[in-house]
Amino acid sequence: MAAPRTSTRKFLGRLSLPERNFVAEALRTETVGGVLLLLAAITALIWANVPALHHSYESVSHFHFGPAPLGLDLSVQHWAADGLLAVFFFVAGIELKRELVAGDLKDPKAAALPVAAALCGMAVPALVYTLTNLTGGGSLRGWAVPTATDIAFALAVLAVIGTSLPSALRAFLLTLAVVDDLFAILIIAVFFTADLNFAALAGAVIGLAVFWLLLRKGVRGWYVYVPLALVIWGLMYNSGIHATIAGVAMGLMLRCHRHQGEEHAPGEHIEHLVRPLSAGLAVPLFALFSAGVVISGGALGDVFTRPETLGVVLGLVVGKAIGIFGGTWLTARFTRASLSDDLAWPDVFAVASLAGIGFTVSLLIGELAFDGDPVLTDEVKAAVLTGSLLAALIATTLLKLRNAKYRALCEDEERDEDSDGIPDIYEQDNPAYHLRMAEIYERKAAEHRRLAEVTGGAGAENDGPA
C-alpha cells in the first residue's frame, strides 16, 4: 500500500493581484513618508548638535501650549509623541483590522508564520537586552525598546540604496510590522500606564462606544468623527493610559471588509486619506522632536559600554535578525511549509536584519521607559539611532548581494506585454490573455516578414554586376 502523500504549503510565494496592488499602494506612501522621516531625523541631529542652533532646538521642543484647565498644557515634544503619534497608531489599527479580516492574518495557517516570526522578533531582542543588563548590572526598564520595527524607515533605506524587493518579501515585512505594532501597543498599554483616572477612562470608553455606534449606524461626515476623536483622545490622555491607545481603538472599529457593490470598505477609504497625513507629517514631526540627541565622541562610546544602551543596540542588530529568522525557520519546519522556489533563506535573513530598524516606536518606548531620567533617555535614543543604522548597513549589504535576482523577479511581476493593466504573470490561466498575445506576436511576425522581404529585395537588386 502506498504511503499517503504529505502536501507542503509554500510561503513567501506570489501574492494575489488585489493583495499585490494593496501592498504596492500602501508601501508607496510609506516609502515617501520614510524618506521624510529620514530627513527629519537628520535635521533633528543637526539642529541639536550645532552649537549655534542647540538652544533654539531645546526652546522649541520644550515650549508649552494647550488648554491647561483640560490637563493638556503640553510641550511641543509631548504633543508630537502623544498627539501626532495617535494618528500613526490610528492607521496601524486600520492596518491590523484589515489584515485580520482580509489579509494574511485572516487564515490561521497563513497567519502562523508572520505572527510567530514577529513574536520571536520581539521576544529575542527583549531577552538580549535583559541578559545584557543582568550581566552588566543595568536597568531592566528598557527591555521593550528594541522590540519594535519601523516599516517606513526600512522602506526609506530600500529607496535610498535602490533595492527592489519582490512583493512577497515586501508583504512579509509589512505584516511583520503590523503584528509588531499590535504587540507594541499592548506593551505600552500594559507596562507604561500611569496611575489611572477612572473618571477620564470611563469618559473615553463612553466616547469610543459612541464612535462605534455612529459607525454601525452608517453616519458619515468628518465634522462628526474628528471632534469626537479629539474628545476621546483628550480623555484617554488624562486617564493615565497612553493617548495613542485611543487612535488604535478607533482604527480597529472601522469596517475593513467590503459589502456587495462596494469598491472600497470604509476602513480602506479612510486609511487612504489618513495614511499620507501619518507618514508625511505626524511621524516626521515626531522624529524631528525626538531624535535630536546631542552626539559626541564620548556619548557614542557610552552606547557600547553602558549596559542599557548596549542592550538596545544588540537587541536591534542581533536579536531582531535572529528572532525573526529563527521564528520563520522553526514555523516553516513544524508546519511543513516550504520556501517559494524564487527565494532562498538568505533572503529571509536579509529582511529580518532590515526589521532591526526600530526607530519611531522604539524612541517612544525609550521615552516612556526612562521618563524622569533625561540623561539616560537621550543615551537610549542615541542607542536606537546607532542600532537602527547598523541594522540598515547590514541589511543593505545582504540585499545588495541578491539585488540582480530581486530585479529580475520584480520585472517578471510588472511585465504587461498586452498592455491591459494586469501583469502577465497573473493571466497565465486566462485564455483571452493568450489570444491577445497571439495577435500581438502575429502582428510582429507579419512586420518582420515585410521587413525581410524589403531587405531581401534591396539585397537582390544590389547583387547584380557593377
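Quick reminder: no glycine exception, Cβ is built from N, Cα and C everywhere.
Summarising the annotation, Swiss-Prot assigns transmembrane segment to 32-52, 74-94, 111-131, 142-162, 172-192, 195-215, 221-241, 280-300, 310-330, 348-368, 379-399 and lists sequence analysis as the type of evidence.
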Q: Return yes if the transmembrane segment (310-330) and the transmembrane segment (379-399) have at least 3 CB pairs under 8 Å (sequence gap of 6 or more), otherwise no.
A: yes
Q) Hey, which of 32-52, 74-94, 221-241, 280-300 has the most Cβ-Cβ pairs under 8 Å against the transmembrane segment (348-368)? A) 280-300
Q.
When you look at the transmembrane segment (221-241) alongside the transmembrane segment (280-300), do they share 3+ Cβ pairs under 8 Å, ignoring any pair fewer than 6 residues apart in sequence?
A. no
**Q.** Other parts of the chain folded back onto the transmembrane segment (172-192), taken as Cβ under 8 Å at six or more residues beyond its ends
**A.** 12, 23, 26-27, 89, 92, 95-96, 99, 103-105, 114-115, 117-119, 121-122, 144, 147-151, 154, 165, 241-242, 244-245, 248, 324, 351, 354-355, 361, 364-365, 368-369
